[in-house]
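A.B. asks: What TrEMBL lists as transmembrane segment is 12-30, 42-64, 76-100, 120-142, 162-183, 203-221, 233-257, 277-297, 332-354, 360-377, 389-410, 416-434.
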Amino acid sequence: EEAVFLRKKITLLRAFSLLIGSMVGSGIFISPKGVLKNSGSVGFSLLVWFVCGILSMFGALCYAELGTRITKSGGHYIYILETLGPLPSFLFLWAEFFAIRPANSAVVSLAFGRYMLEPFFAPCAAPVTAVKLVSLLGYYMVLTLNSWSVTWSARLQTALSVVKLLALTLIIVPGMMLLAQGHTENFQDAFNRQSLVLDKLPLAFYAGMFAYSGWFQTSFVREELVRPERNIPLAVIVSVITVIVGYMLTNVSYYTVLGTQDVLASPAVAVSFVQRAFKSLISVVPVLVALSCFGTMNGGIFTFSRTLFVASREGQWPPLFSMIHIRRHTPLPAVMLMFPLVTAMVCIGDIYHLMNFFSFSRWLFIGLATLGLIVHRHRHPELHSPFKVPLFIPVSFTIICLFTVAMSFYSDPVNISIGCTMVLSGFPVYYLIIHRQMSNHFLQTKLSSFFSPLSDYLTHKLQLLLEVVQQEIKTY
């Protein structure tokens, strides 16, 4: 009865909520331990948090300009494709699907499960099996909602963004009150150089940048944004500044109430903080933190499904995943595709190993995307962009990203090598399937003549089962 396409339902408020909801998630509640462990002292850890915030602002400004230059959805993928070409964009897609996104979703899901169960088992740790079951339950709930309605997913994100800011406020206020009363003993000798290990600093930055990650989320839903030329830069700048201020105050509050050893020994820093500062809120704050993680899961599924949708539309992913539900107007196949890998990583994964595992690939490709901005400016000087950042911002951000990625090989060679291998494994897939298909040679082989009818048959049957069709109207 009506055209099937993704509607423009993301207003400025929803864009702001998407960014806040994606950044303020599990990171600020689990990353302080990783930052402190790898930076060595309170002072250096606070410095890492601040520098990560400035770097996030640089990256967010670069992506805001890319979002006004390139009008398609898809985030990192489409920016790399349009500026650096199909090979690096496919390698990103390959690593993102098989490593970065499922590991990221597993980290957030495990944090959700841990904080949700913490009040019921305190002062003991929650059983690992129970944490993983609750983590999967939360992930499946968000998956179902994103399959059902874009509007309700966006409304949930807005409501949970308020919850996230409330959770941060409940941590900041008691810490600031104690600090005002003169409790500064935990900040004595804050910059102790003896505990600083330079080759561990990239891991501290990974943990900090993980907490800020999410500043790029509006770029994934560009085609669904109302007035994107105005709303992308505005939402990015306001949200990142809000999060930097909130994170710095939250960490100061943590260190005011908890000592260094308490932070390092705690499996859930926010819970340990409440046990020490506000025992009357011991059952409230963990639930708020869990809801924050829930919002991050929602934002992650909402945006990454658009990457698969766009990649399929560009011919680098099976055509089924560029289809939309005929009544719900959601990219249903793309939304549902991730759950087997996330389920596997939740069942076998550990939060901090998973964090290092996917951070290498993520920051490598973010660095390539901002490098693409420099290339795009050079190739298209005539292109007018309604939002433009000074050249030193993409240059410095790209150099720092790639340098941090290179340094991480010395910090955590095992996990980083696994991440690197995952990226490189996409080379043979690209040249055997994507490159040949794009050059039309593959269509002439016997292999194609056998698999093409089979692929078309399966796609047709899944279309009928899922009630999905190709998008009917161009939105870019």
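Glycine residues also receive a Cβ, built from the backbone N, Cα and C atoms like all the rest.
TrEMBL: automatically predicted annotations, no manual curation.
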A.B. asks: Would you mind listing the long-range same-chain contacts of the transmembrane segment (233-257), meaning Cβ under 8 Å and 6+ residues beyond its ends?
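C.D. replies: Contacts of the transmembrane segment (233-257) (Cβ under 8 Å, skipping residues fewer than 6 from its ends): 12, 15-16, 18-20, 23-24, 28, 32, 42, 45-46, 49-50, 53-54, 56-57, 60-61, 63-64, 68, 165, 168, 171-172, 174-176, 178-179, 183-184, 186-187, 211-212, 215, 218, 263, 269, 273, 276-277, 387.
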A.B. asks: Per the 3+ Cβ pairs under 8 Å rule, pairs at least 6 apart in sequence, do the transmembrane segment (42-64) and the transmembrane segment (203-221) touch?
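C.D. replies: In this chain the transmembrane segment (42-64) contacts the transmembrane segment (203-221) - 3 or more Cβ pairs sit under 8 Å.
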A.B. asks: The transmembrane segment (12-30) and the transmembrane segment (162-183): do they have three or more Cβ pairs under 8 Å, with pairs 6 or more apart in sequence?
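C.D. replies: Answer yes, regions in contact.
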A.B. asks: Which residues of the chain, 6 or more past the ends of the transmembrane segment (76-100), have a CB below 8 A from one of its CBs?
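C.D. replies: Distant Cβ neighbours of the transmembrane segment (76-100) are 63, 66, 70, 216, 219, 304, 307-308, 310-311, 314, 316-317, 337-338, 341, 357-358, 361-362, 365-366, 368-369, 371-373, 375-376, 419, 422-423, 425-427, 429-430, 434-435, 438.
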A.B. asks: Tally Cβ pairs under 8 Å between the transmembrane segment (203-221) and each listed stretch (12-30, 360-377, 389-410, 416-434), then give the stretch with the top tally.
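C.D. replies: Result: 12-30.
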